[in-house]
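Read through the structure below, which is laid out as structure tokens, and then see the notes.
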Amino acid sequence: MKNIKLVIEYDGTNYSGWQRQYNAITIQQRLEEAIEKATGEFSPVIGSSRTDAGVHARGFVCNFFTASKIPTSNIKMVLNTLLPEDIAVLDSKEVDSSFHSRYFTTGKEYSYTIVTGDRPPVIGRQYVYYFRRKLDIEKIKNSCEYFIGTHDFSAFKKKGSTARSSIRTIKELTVLKEKNIIKFNIVGDGFLYNMVRIIIGTLLEVGLGRFSIEYVKYILESKDRAKAGKPVPAKGLCLEKVFY
């Protein structure tokens, strides 16, 4: 039995997230269907994250076990011939049987892209959040520092989150503006349900002048979800990389 590690990318627009569901189409389902067609066996796929509906990925990691005699070097090619055009395998390799794509992670990197201007984009609109109002980027940048480090992020998780602990460590949070495109990058040891989207939504409130820079610190310390901003739409979010 071989343990195969995959790195995949996907456009999450038409999917109800990563995790298999009974009444919806998901990335995990499509990948497991392709593996079953290729190997003749059903192999549950273990994902490194549970991305939400509409979220994209450029470097999602997963693994599955198989007794198939397909050479490991050919798995990438075979699966790509069977997967829909909005999912692709970037790399495949055999790893130690102990490897678990979720439990072995040491961190993840996400990006979030916003487009400003007098009209929403047409090309690529499914990958960005159009935001018409003017933002103070310097205030947003200055607010980012409050998120860096180890904190209780209870104020930045969706109600109903089943995480045992709300303590997470953010190693990097940057914002870059080029013309009418604003891109956030965030690196951390792990993220709570909707955490990245709520953080970005809170930073937009700072950029609009509704929240002061210092208020961000207060939100963190309050651990109160009601005090933070609304989550931004899923379509601007992309899982860039998973660290091991």
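For all residues, glycine too, the Cβ spot is worked out from N, Cα and C.
Under the heading active site, nucleophile, Swiss-Prot lists Asp52. Of all Cβ atoms in the protein chains displayed, 19 besides its own lie within 10 Å of the Cβ of Asp52 (active site, nucleophile).
Look at Tyr110 (substrate binding site): DSSP puts it in a strand. Residues or ranges marked as substrate binding site by Swiss-Prot on the basis of sequence analysis: Tyr110.
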Same chain, 6+ residues apart, C-beta under 8 Å of the C-beta of Tyr110 (substrate binding site), given in sequence order:
Asn185, Ile186, Phe191, Val196, Leu237, Cys238, Leu239, Glu240
